[in-house]
Every structure is written in structure tokens, then in C-alpha cells.
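Asker: Pulled from TrEMBL, these are the listed features:
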type	residues	note
TRANSMEM	B:7-28	transmembrane segment
TRANSMEM	B:48-71	transmembrane segment
TRANSMEM	B:83-104	transmembrane segment
TRANSMEM	B:110-130	transmembrane segment
TRANSMEM	B:161-179	transmembrane segment
TRANSMEM	B:209-235	transmembrane segment
TRANSMEM	B:247-272	transmembrane segment
TRANSMEM	B:278-298	transmembrane segment
Amino acid sequence: MSDKSNSKMKSQVSSTTRRGALKTLALGAGAASLPMWARYAQASTSEPIKIGFQVHRTGIGAAYGRWYGRTTEAAVKLINEGGGINGRMVEIVAEDDGTDPKRGAEVVEKFANQHGCDVGFGTLFSHVVIGSSPRAGELKLPYFVVSEGHHVASGMLNRYTLQPGITDVKSQVQAMAPFVAENLGKKVTMIFPDFAFGHDHRDFFTAAIEAQGGEVLEHIAIPPAETSFTKYFPKIPRETEVLYHVMVGPAVLTFVKELGEFFGPSRPEIFGFIDSLEAVDIASPGLEYLEGTYFWEGNPRNAQEDQSAHDKFYREAVGVDARGASVNDPSDVSTYAHMFGCWETMHVIKAGMEAANYQGIGDRAALIEAVEAMGEMPESQAHPQGAKLFNGKTHQVFGHQYISKVEDGALKVVHKTSIEDGMYPDEVDYTTQGF
Amino acid sequence: MSGAGRIWGLHLGLIAVLFALQFLLPAYHHGNLARIMVLASYAVGYNILFGYTGLLSLGHALFFAAGMYGMGLGIQHGGLSPAPALVLGIGAGAVVSLALGLLALRTSGVAFMIVTLMFAQAGYLTILYFGEYTRGDEGFVIQSAQRVLWGIDLSEPSNRYFAALVLFAACLLLSLWLIRRPFGRTLIAIRENEERVRMLGYDTQAHKLGAMVISGTISAAAGAFYGLLFGYAGASFGAVPHSILPLLYVLLGGAGTILGPFMGALFMFYLIDLSSGVTTAHMLIAGVALVLLTLFAPQGIMGELRRRAFGWLP
């Protein structure tokens, strides 16, 4: 064969492969997209109830998203084993929102208009909730968030957005103040990140501690993306009795280490929110300085001596050991203080649908009205974190909070607040809004 | 058909098709296309600076956010109705792009990219710093009742679609008209050989500043409309990834083509939407698509069409 024909053949082989690969890719993408182009058809009653799960699989919320996913799967498994909801199985339609409000809103549209979901569920990060909620309201999709943000109860959102499975930050912070003032001290210095989440803590805790006869001596706001904190510590007044910290993000390890270097053994009492250490082993090297300090926990990570049967059942169902880590991988620590919200919200959806005799998307308004009417939720398998009280006007649930002390690298509960400790006057009445 | 007739016919035809699609598309794709048209308008603005003038900015999220927050804060704190709020947002974008242009255009090449990136980051941090007004990273909702423009409820799907179409059509036709004017031709000449243009007696600095302001103002208009149509203003729209987005749209669709930004936005949106249903590594798929396109169609979708078959495409 001549060189010319050889090169021609090579060229043909090469171009065929390239085109073939592209064609295969195009065909694959087309085939994969086919079901997504199909128009939504009204579900018949034998079809499963579809719950659109807006999950932070990627982005800053990924660690939370992983555990929110596991908890949700466990709750759905239990519900389906018990016969589903109104005789229909529950199907989770999970979509990654990248922990991004723009994508979050698109995902909500996809749930409502593409997948034909009955409800949307499971969002954690506040900016995603706030970015998605307007679209949920416009699309008339009941949107059950598990965010702990004050955005629902503040009146910023709409009648279609509810938070029945986890308390909000205002309630949590307010409930901490009596314990802090009575047991740790009344002169507080606050260290918080200089963005909305930190500002909520600053505003709500300052008001709450003043109501207890205490005062905040200094507010120290840490700019976002800060990597070293040493220069902020000299701002802590000498007479500080309690250092209140709520740091989030990976810088928390540096924060704790530098705090230890600054204070040494003669430190004030330290009280923090576990949010920064969710999915982080409290016995990690570098966190030794937290020994003897206090944390807010939404739900105690370590199984306590007086663990309830409901917590035991829930813990096993999700696959979490007594230390709060995955039973399959002890280094995979859960987001135990928050993820119960998914379990409980899923059970609230079940209870609401059963109360409303929910049959299809035409009953969405009835579902919301049924949830609004719920009120008391006793501690049970459906509510393993504790009893709750749902405020139908503000669409926000209120519940117990836990304060734990770090002892021997474990979190030991030293105080459980009452539901009333976290209650505050209504700021909105969503029931006055139409459907 | 004359060259000009063919060109105007094509672009007006696209607008007509988009108008007709309003009545044909299922709800999900109807909503998506409204969003894509606003994002494509953002990319049209970007294309004027990058595609036609040859200036690669990494800070266009600053202009988008200026429009979004100018509009949003005007409604939220100024009690404005949507029309003056939109004007405020677009005006904010014009002022910010003029200021950034005066500073950043003292540099060129990589330095221009870095300066624009840094200013955009400063803008993002400013949004966080004034969290009392902007609600920082959380952002704020623009309620349905605040989104009624001249009696038209923009939270209603067909009104939203039509408003997005009006914005997109205005941006598309403006860019087409501009590029066919002597001003636009000078921008293209600057992209090709700035030294030669200067030698011919043109004030290239003034032209580049003009391109910057037009580009920034269009991007701000897209930001203002985005906030108004989808009811939310948030800091993530001012962050670095949101500056990269229009660059990707323009590269995919074809830099320096009028229809490229729309094609890029459409392609990218559905690529991410479809691939995210299959895998969490959807950005990897977007990356692979970009690599493939760079290998096989380095001039983007419309650029390749122009090179292969339709040399008359503007």
C-alpha cells in the first residue's frame, strides 16, 4: 500500500472515530433527555406521591446535603414500609441545587413543571430558600424547608413555604440566653461571621441576654473568607465572662487553635453553636481546647444516658452510631444537630396529607391548611428530637433546644430548654394570604 | 434579498420564533426560556466588550449585581415602583461601568482581567458589608405585589416571558445596530489591531470606554430584569462564578457573533439542566463539552456556522 493511501486511510479512521464519538455522545444525551421533554400528565391515585428533594449535593452545603439525603431516605423507607401515604408509596425526586439560589429556583420550577412533584422539600441554606421560595409560591408548590433560618417566620416568604420540622435561629438563640446568664455569666463578648447568619445571632442574642439582665460588651464581626483570627482577639474586653462564638466554614479549626494560643488556661467560659462543627469529629486533633466549653445542639449528637426510645429508633434507622458517626464509617460524622429536621418534616408531610385526604396537586391548598392546623406535635417516632408546637400563622415550628458540654471529647447534655423559652411574638400571619 | 435585509430578517425572525414559542412550549421549558433570554441579554452585553472589542473582563457580575441591587434596593428601601426601579438599576450599571472603565482601561491584557476581577470581588464584599440593607449573602425577596409594572403582574408566567423577550429583543437589536455602525466597526478594528486603529487617528481609549459602558449597562439591565422577574436579589449574583458565566456563554455560542450569546446561554442551560439529572458531576460534563467545542469548533457554535456556511452572519 502506498504512503498516500496509508495516510488517507489513517485520516478516514481518525475522522470516523471522532464523528462516531460525537454522534454517540449526542445520541446518548438525546436519549437521556427524552423523558424530561415529556409533558407532565396528571397523576392518577395509584401513582406514587412525588416529593421534590432540593438537595445540596455540591457547593458549600455538600456535607449537610449528604446527611440530609440519608435521613430523608430513611424516613421515606419507614413511611413506605408502613403503607405509604393514603395508600400511595412515596417517591423522592432529588435534584442538586449546588447550594446556589439561582439553581435552587430553577430546581423548584423543575419539580413543579417537569417532574410534577406534589411538594418541594428539604432545603437548608438560607440564601437558597430565599431565592427559591418566590418561585414555589408562584408555582403554588408547597415548599417544606429545613433551614433553621428566621426567613419563614419573619414574613419575608409566602403561604406556600413552611418550616414544620426545625426551629429557627431566632428561637434557638433566644432560648440560650437564660442558661448563659444564670450559669456562665452576664458579660458576654460575641464573635460571629460578618454576614446575614452572624447578624441574626448578633441581633437576637443581644436582645435576649439584655432581657436576662446581662449585656454584650463587644460585638466582633469576622469578615467572610478570613483565615486567621489572632488580630481580633485583643478586642475581647478583659471583664468578659462568656465568649459566644458562632463560626462557620473550614476556618473553625484555626479559630479554635488560635483561641487556645491567645487565652491559654485562663479563659472565660466559652459558648458556641455546633453549626461550625457539624460533620466534624469533636475529638479531632486541634479541637482539644473545646474541652469544658458549651454548645447549642438542635439534637444531641452523642447518645445520652437517658436516650429516648424514639432517638434510639431514629438513630438506628438513619445508620448513626452512639458517637454521631456513620455506622459504616466512624470518620463520617453526621450533621446530627440539624438533620432530624428532614425526618420530622417528612412525617409532617405524611400527617398533613392524611389529614387533608390528599389525592393530587389539586389538594395542595388543603395540605397547607392541614399543616397550619397542626399545633401540638408530641414526642414520638415521628418527632424523635422532642415535642414541638407548630405556629400555623407564622409557618414556623417551636421546640426544645439542647445545651451540651464537651467532656472527654464527647458532647454531654447539661440543659434542655422548654418550648416556651424559644417563643416570640408573631411577625406575620400567612393565613391571611390567599392561595 | 439584500445583505442587510437577510441579516435583519434572520434576527427579527428569531424574535418572532421566540414570540411564537410562548404559546407552544410546555410550562417547564416556557419558564426556562424566559430565564435563558435574560441570561442571554447578560451575555449580549458581555459579547460587546469581549467578542467585538477584544477585552476579556472577569468582573461583569459587578454590573449584573449593580442592576439587580439598584432595582431591588430601590423597591425595598426606596419604595419605588418597578419602572423607576428598573431605570435606577440600569443607571447604577452605567455609572459603575463608567467608573470601572476609567480605572481598568488604563491596563490591558492579563492586567485588565485581574483589575476587573478584583473590582468585582470588591463589589461582592460591599454587598456583604452593607448587610443591613442588602441582607448580605442571604439576599431578599421582591414580593409579587412589588412586581406589578404598569398594571402587568410580572410574576405571572406569560407576562414574565414577554418581559424577558422585550429585554432580549432590545439588547439583540441594539447590539446588531451598534456593530453595523461606524462605532461598532471601530470596536472590531480595535479587537483586530489596536495600534493600527490608533495610527489611523481614532481615539481608541474613548471607544473602549464607550464599549465598556454599553456592555456594563446591558448587563445591568439583565440583572435588574432578573431580580424583578424572578423575585430575588442575592449576593451570589455578584460573586466570581457569575462573572465566568457570560464568558462561557459567549465562548460556546461564538464570540463576536450577534446570535452567539443566545445560543451559548441556551446550550449551557440545558447542558447543566439535563446532566444534573444524571450525575452530580454536571459541571464536569459542562467542562468536557467546552473542551470538545474548543477542539472541534474553536469559534463557538455561531462562529463555526459563519466560517463553514454563512459568511454573512454578523
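Glycine is no exception: its Cβ is also placed from the backbone N, Cα and C atoms.
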Asker: When you scan the chain for residues with a C-beta under 8 Å from the transmembrane segment (B:110-130), skipping those not six or more beyond its ends, what do you find?
Answerer: 55-62, 65-66, 69, 96, 100, 103-104, 136-137, 235, 238-240, 243
Asker: Which stretch, B:7-28, B:48-71, B:161-179, B:247-272, tops the Cβ pairs under 8 Å count with the transmembrane segment (B:83-104)?
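Answerer: So the stretch in question is B:48-71.
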Asker: When you check the transmembrane segment (B:209-235) against the transmembrane segment (B:48-71), do you get at least 3 Cβ pairs under 8 Å, counting only pairs 6 or more apart in sequence?
Answerer: yes
Asker: Could you tell me what the rest of the chain brings near the transmembrane segment (B:161-179), counting residues at least six beyond its ends with Cβ under 8 Å?
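Answerer: Long-range Cβ neighbours of the transmembrane segment (B:161-179): 7-8, 11, 14-15, 18-19, 22, 30-31, 33-35, 37-38, 40-41, 44-45, 47-48, 52, 149, 152, 154, 185, 187-188, 214, 218, 221-222, 225, 228-229, 258-259, 262, 314.
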Asker: Report, as numbers and ranges, which residues of the same chain sit near the transmembrane segment (B:7-28): CB under 8 Å and 6 or more residues beyond its ends.
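Answerer: Residues packing against the transmembrane segment (B:7-28) from afar: 1, 37, 157-158, 161-162, 165, 168-169, 172-173, 176, 180, 258-259, 262, 312-314.
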